[in-house]
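Q: I'd like to ask you about the structure that follows.
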Amino acid sequence: MATTVTCTRFTDEYQLYEDIGKGAFSVVRRCVKLCTGHEYAAKIINTKKLSARDHQKLEREARICRLLKHSNIVRLHDSISEEGFHYLVFDLVTGGELFEDIVAREYYSEADASHCIQQILEAVLHCHQMGVVHRDLKPENLLLASKCKGAAVKLADFGLAIEVQGDQQAWFGFAGTPGYLSPEVLRKEAYGKPVDIWACGVILYILLVGYPPFWDEDQHKLYQQIKAGAYDFPSPEWDTVTPEAKNLINQMLTINPAKRITAHEALKHPWVCQRSTVASMMHRQETVECLKKFNARRKLKGAILTTMLATRNFSVGRQTTAPATMSTAASGTTMGLVEQAKSLLNKKADGVKPQTNSTKNSSAITSPKGSLPPAALEPQTTVIHNPVDGIKESSDSTNTTIEDEDAKARKQEIIKTTEQLIEAVNNGDFEAYAKICDPGLTSFEPEALGNLVEGMDFHRFYFENLLAKNSKPIHTTILNPHVHVIGEDAACIAYIRLTQYIDGQGRPRTSQSEETRVWHRRDGKWQNVHFHCSGAPVAPLQ
């Protein structure tokens, strides 16, 4: 009988101590390596709760962190899998967040902001040279190595980072934190390294005045501002900022990513590399005051989300079941925090300047209709009823990372592509249908009497002899569609399908089938490679 050997290397080599941070599926604890006595931070991921896709993301994060060795990046020292848990052993950084340190300083000037952004840009440049795009640059991920004066800035959290080849631009999914997202990501266009520079521009703007360039409580309006590049330098606070600093911000917040300054170029900007003569040395007390309010607002919103996670097992981009034993006291805490948030968020003076030239709110409505009825009698109208794959959004939270928007977008893509396939069937358009299907499409369907059918000829028969000639009204309702994303280029959709139609005697009929379609993406296009349909044959086999 074979014996399963369970790895216990982390347990054997490290001693765990107090918690120093928490996430939706992980906790960070201080640890000590027993043989050396050196302190580290262990990110402990509960792998029992992870999906296959989450496992892929974890492997990607570890792979990326192993690549990066720079004085301004939190370094990964070890990556260990044990039964039920994965341990990522990082530098222990004890200086806290950069933004929290700034507000505690007695003196803070433009030159200090220049030194901060220089270190951030050095970290970003190293990432880009190693073919890594961080995708989630924001204040929460900018830490200080220690409490000592002049401690190095450290870039942390590569959970959303991706690997790219050179200056490759592609659609890597909708991911990041709302206030720091670039226009190209919001437009769902191909993107790459320039997204990190855009986020650096937002961070630099905040470093100089203590509030962000783009702001609106309505996330849609916020996104409209970002896509339009609608920011300005209002008086009086910007009057004391040097033109060179504003110039660098403008080059970072350039809408066209091809024209946006690179990390290498930004480090050569006079305001960065010649700060002693170019950047102002004047103390910026108003910036410090605004930054205190900005920090307080970030922390409160973080507390609200953490409480929601605790009380509802809820995270951005995921929908899970709340524990049955949740206390009403915890629920009350959530409501109390929400009320505090409303009070704080309604005060424009609290670290957020109102926009003077924000764009008009224009609504773009996408219909998440999915539709997959039986092969013989496809509907003219399709409806999704009770779509269980609808993913909950968080409450207004511009500092909350959107972790699974890419998966959500892919699910909607699958539904939309399936709808296009059904549209082709509805129209009796075999040519359009064939473009969406793999030439070697396989299927199990009632019409094939339990046999596996391969290729398009079997389906062509129904197009030419039934579908193209059908003129009677048909209505389909799709019940409880589930989309399973399988890696980057595969997905499966399953659903119950009700089809209403008029039979040959003019009587209304309803048929039900349970169906599954498997999709594979090739050359950027989804193709149906297999489907399985249960039930009785819809078309009369005579």
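Backbone N, Cα and C atoms are what each Cβ position is placed from, and that goes for glycine too.
Below, the features straight out of Swiss-Prot:
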- Asp136: active site, proton acceptor (ACT_SITE)
- Ile20, Gly21, Lys22, Gly23, Ala24, Phe25, Ser26, Val27, Val28, Lys43: ATP binding site (BINDING)
- 354-369: compositional bias 'Polar residues' (COMPBIAS)
- 14-272: domain 'Protein kinase' (DOMAIN)
- Tyr17: phosphotyrosine (MOD_RES)
- Thr287: phosphothreonine (MOD_RES)
- Thr306: phosphothreonine (MOD_RES)
- Thr307: phosphothreonine (MOD_RES)
- Ser367: phosphoserine (MOD_RES)
- Ser371: phosphoserine (MOD_RES)
- Ser394: phosphoserine (MOD_RES)
- Ser397: phosphoserine (MOD_RES)
- Thr400: phosphothreonine (MOD_RES)
- Thr401: phosphothreonine (MOD_RES)
- 291-301: region 'Calmodulin-binding' (REGION)
- 349-376: region 'Disordered' (REGION)
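Neighbours and distances for these, please.
A: Counted within 10 Å of its Cβ, the other Cβ atoms near Asp136 (active site, proton acceptor) come to 24, all protein chains included.
For Ser26 (ATP binding site), the number of other Cβ atoms no farther than 10 Å from its own Cβ, over all displayed protein chains, is 20.
Across the domain 'Protein kinase' (14-272), the model assigns an average pLDDT of 93.
Of all Cβ atoms in the protein chains displayed, 12 besides its own lie within 10 Å of the Cβ of Tyr17 (phosphotyrosine).
Within 10 Å of the C-beta of Thr287 (phosphothreonine) there are 26 other C-beta atoms, taking all protein chains into account.
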Q: Rounded to an integer, what is the Cα-Cα distance in Å between Ile20 (ATP binding site) and Asp136 (active site, proton acceptor)?
A: 20
Q: Among all protein chains shown, how many Cβ atoms are found within 10 Å of the Cβ of Ile20 (ATP binding site), not counting that one?
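A: Result for Ile20 (ATP binding site): 15 other Cβ atoms within 10 Å.
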Q: Can you tell me how many other Cβ atoms are located within 10 Å of the Cβ belonging to Val28 (ATP binding site)?
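A: Summing over all protein chains shown, Val28 (ATP binding site) has 17 other Cβ atoms within 10 Å.
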Q: Can you tell me how far the Cα of Ser26 (ATP binding site) sits from the Cα of Thr287 (phosphothreonine), in Å?
A: 34
Q: Where does Ser26 (ATP binding site) sit by DSSP, helix, strand or coil?
A: strand
